[in-house]
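Enquirer: Can you keep this structure in mind? I'll have questions shortly.
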Amino acid sequence: MEFDDTQGETVGEEHGLLAKLVALGEAHDQQFELDHRMAIVAAGLFDEPLNPVKIGRFTIVRKLGSGGMGVVYVAYDETLDRKVAVKLLRSASPTPEARARLEREAQAMARLTHPNVVAVHEVGSHVEQVFVAMEFVEGSDLRGWLAAEPRDWRAIAAVYCQAGEGLSAAHEAGIVHRDFKPDNALVGKDGRVRVADFGLAHGFEGPSAKLPVGGLEDSQGRLSLSLTRTGALMGTPAYMAPEQYAGKRTDARGDQFSFCVALWEALYRQRPFSGESLVALSTAVCDGEIDEPPVDSEVPPWLQTILRRGLASDPDARWPSMRELLDALGHDPVAARRRALLGFGLGGATLALLASLTWLAVTELRANARQRELTEQTEALLELERERGLQQARNDALRARDATRMSVARDFKPKVNVAEREDPTIAAVVLREVEGELRRSGEWMSMANELLGQPLCHEVLSGHRDVVGPLSFSPDGAWLYTGSDDGVVRRWKLDVGVGEPIITHDKPIRDVVLSPDGRLLASSSSDGTVRSWSVASGQSELVSRHERPIKSLAFDDQGQLLASGTSDGDVEVVTLDTGDVTRLRGDGGEVFVLQFDHSCQRLLSGSADAKVRVYRLRERQAELEAEMILEGHRKPIYHARFIDERRAVTASDDGTARLWWLDDESRPSVVVAHHAKAITSIDVFESQLATVAVDGSIRVSSLAPPYASLELPSHADAVWSVSFTPDGQFVATTSFDKTARLTRADGRGVPQVFLGHQQALCRGAIDPTGRWLATGSYDADVRLWDLQRPRLATPLVGHVGSVSSLALDRDGARVITASHDGSARIWSTHDGSSLALLDGAGAINHAEFSPDGRLVAFSRVNGHIDLWEGSERRSLSGHERSVWRIRFDASGRRLVSASYDGTAKIWDVESGSQLQILRGHEAEVSDAAFTLDGARVVTAAGDGTLRVWDANTGVELDTLRGHQGDVSTLVPGPDGEVWATGSSDGTARLWTGDLGGDSILLAGHTQEIWSVAFDAEGSRVVTASNDGDARVWDTSDGSLLEVLDGHANVVWDAAFISADRVVTASGDGSLRVWSLGSSSPPLVLSGHGSMVLRVVASRDGAQLVSGGDDGSVIRWSLDGVSADPEVLLARLRGATRVCLSAEQRSRELGEDRLAASVAAAACERDRKQSAQK
């Protein structure tokens, strides 16, 4: 008998592992139910109304179901007036750490937005359990959908492919389901499939014991093995991949396997693998023993072939990605051939003619005098058909090649919240090789613009055979010198990317230093030697030889003295033009750092004995004692710098940086920076000190009282170098986390991250011009990065709740962002730096600058209005419910507010007093605005009306009707001649400036309109709707000009960027930039981790600012954005000269060895030719 391995009750108590997991969850469920019953009893005893039971802010309506992972309730979200599903997640390890991990992973689900994925609205904790509030889907799961009525194979494949689209989107976001089955995919009444329970499989902990493989059947012969635990069997056996049975950590290929099992089951009404026990089933799955489908099945063989590949026991033998599997399922070769025959009329006619001619040739071979002519025609037509077939094959091959390249570029392109395989440079290199139709596609152009706005590696300098350590630029920035553990110093000409070895040591290079004038290079090595190399002569010579490895090396400012320190404590100072040597006594063990002062008369050293020594150099003296010994550090000193003639700074493995006074030995040092771990590098710019440490921390500290120290965003691993840019505004860091970063020294903004090295980074250096950053790594490569390339997207980080409002000031220099987290923030649109944090209590609905930019006003859900002038806040109180919208009049002296309490109010800004209360609407007031002359106020409300009021007396002047639903938005045109409204009835209306009763209906949307915006001239208006479209209308007659469709979800906002461009913000997580009146596809801007709710454009069209449901805010610079493929291709070639190696091409693009070698050589040849121009 085959057991039911997909559903059933929980396994009995004799199987303690499963019982423990379920029992712990049930204990929480029972406690929740007990609380509910106690509330009912208390209400009856005391004759009081029953307080609704809540999970977070969600009111529980009823229990929907329960399972091994948790309990699902139907709930009501009062804040957003919608029904939701709330799932309490069970954890078998109810520790704070486990709950925090569950919550983090559930939040990863919340960042996944796709029409074929159940939307997650909120993640939180309730009674020590994590809960997830999700979209409530009315319908059935895929299993129920199949059982409802007979379906043909095409309908089944189409519906299941919708679920596959959800899995593919999750994989692109770095989320693996690990338990896909028909029960986890819901089919809504709208016919759309949504995959549920993403990411939960990786989020549950259980006991560390292994799951037993036999004896798990209960008395009814059923198993409930939908288990997901760290380090244990994960999934439902019928749908589990072989690697899941082995207890291995699965990836997207495991989901692909489960999907193919489910689709096979749906198509053939039997699963591909069977067994009478878990052991038998797992053996069949792991051995790839697929049961043959029914012989009378109508499912075509090509579809079975596709699924068999997805069911391969070896993950590497399956489809490269879910995307490619879906593409294959969507390509019916029979239908394609049919279309080809219909599309090539000449081909069909040719075949018919060939048949006729052949028949005549055979039957009348001897009798027909036209035989020769007919034969010649036949051969000509056959040749023509062969040529057409070859051309078609060539075209198909080119399209397949370009599709592969797009897929690889998509794979390496950085994604939100995903770090695996990120390398924008590889993505850019592959993208520039895409040709044909795909290069003209919207995806190609969008990806090109996005990649051009990210840090790209300009050049990879390959030649070293081991770890690359010290780096030094020439004073003019034209040359780079590098040292490696391979014992070689190389010199690179940066404009052509060509290098040559100039010095060779017997052991790893320790230091490479260049004289200040750039004429002489010195290197030191673990072999105990110091060598110099003359730029003028190109000759290398030995300077000194020590018995022990050299640990430090330094030139003086004149390039005449060269000091070296060793592991035995010896320090030698060599006068280069005479060869004279001065030895400095220290007896402090290894000397890790040396530095001359600007006068070239003193030398600073730091040693293993945690002491700082200062030597005063004198001519013709063979030995010197330290003039000053400074004590205070507790561990070895690796870093030291003279600040000026009076002060020096040092840093130690004790985690501190200290400032010393050299003119007063009795004056105690000051700790100016403190890290929890050893300091690994320092740099000084004027009065600022930058320090980094083994724990990944970065600090910028002042060397002047009161010695303030600022912590910058940390790396994920040890940081080994830090450098100020020449202007001191940024610090560059390199880390063992394989990344380099460029961070503002004042801590504002988000660091730029440089991705591409395959192993840990050791050193970094910035050239004197500030343009180039060089990084050296354990991967033996040196990479060159252009720091002056513009950024497309600058994240503005700070909000932790949904962004509800955005507004630019009149000059476009500042943007205010308001959030449901209760804060508003002001940012510079020039560089994205934070200018002010305006905090308070209560979620914010709307924010506005006053016309002169002096004041900021925002309205809150709690009914309050805040007015900020600088750091001073005043609060206006009077509304009883949420204030939805506020607007200043043209003078900035009055403010009107629209509230859910059914009123609008006019306020005096200076005094904060109420001037008028506007009552009359029969529902909540959603919007309000002054006319340009300030004489009237117009309000819009949920009763479907507009009302016009005298702004001075508060008297209602008129009621305007027309909408059949709530009026959600009201916008005056730029000249006040036209007003526009949007409604839940799916229409917009245009009203004349005199606000008479007539209006022009804008009908076409099928669902609620969320946003209405005018262009700068007021001649057009764009509407954004819940139906997923935006539409552009002529305001003179209401005619529809364009439909902007393509988003995969609701369009929340839209705005004109310029006269011929519109931007839309969508629930699919993207922005789209549309060129009006053009056939060009829209440019897609990706970067938000969830729905994009708001977008504003600067008046000059050069910038956008967008806000998301997850609190993310992004500033977009559109100056370099282009919709011309040739322009973008030229920019990609100029941005990076990197080529893929033959090995990379074979691995990533699937090219054979010969083709990969030829293509790699061609790229290198083009690179060299481009560099020489």
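Yeah, the Cβs are placed from backbone N, Cα and C, and that goes for glycine too.
In case it's useful when we look at the structure, here is the feature table from TrEMBL:
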| type | residues | note |
| --- | --- | --- |
| DOMAIN | 58-334 | domain 'Protein kinase' |
| BINDING | Lys87 | ATP binding site |
| TRANSMEM | 340-362 | transmembrane segment |
| COILED | 367-401 | coiled coil |
| REPEAT | 461-495 | repeat 'WD' |
| REPEAT | 502-543 | repeat 'WD' |
| REPEAT | 543-584 | repeat 'WD' |
| REPEAT | 584-625 | repeat 'WD' |
| REPEAT | 754-795 | repeat 'WD' |
| REPEAT | 796-837 | repeat 'WD' |
| REPEAT | 876-917 | repeat 'WD' |
| REPEAT | 918-959 | repeat 'WD' |
| REPEAT | 960-991 | repeat 'WD' |
| REPEAT | 1002-1043 | repeat 'WD' |
| REPEAT | 1044-1084 | repeat 'WD' |
| REPEAT | 1085-1119 | repeat 'WD' |
Enquirer: Taking the Cβ of Lys87 (ATP binding site) as the centre, how many other Cβ atoms fall within a 10 Å radius?
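Expert: Its Cβ shell of radius 10 Å holds 26 other Cβ atoms.
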Enquirer: Mean pLDDT across the repeat 'WD' (960-991), rounded to an integer, is what?
Expert: 96
Enquirer: Determine, from DSSP, whether Lys87 (ATP binding site) sits in helix, strand or coil.
Expert: strand
Enquirer: Cβ pairs under 8 Å only, please: of the recorded stretches 502-543, 796-837, 876-917, 1002-1043, which one is richest in them relative to the repeat 'WD' (1085-1119)?
Expert: 796-837
Enquirer: How many of the residues that make up the repeat 'WD' (796-837) does DSSP mark as helix, as strand and as coil?
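Expert: Taking each residue of the repeat 'WD' (796-837) in turn, the totals are 0 helix, 21 strand, 21 coil.
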Enquirer: Treating G and I as helix alongside H, and B as strand alongside E, what does DSSP give for the repeat 'WD' (1044-1084) in helix, strand and coil?
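Expert: Result for the repeat 'WD' (1044-1084), in helix, strand, coil order: 0 helix, 24 strand, 17 coil.
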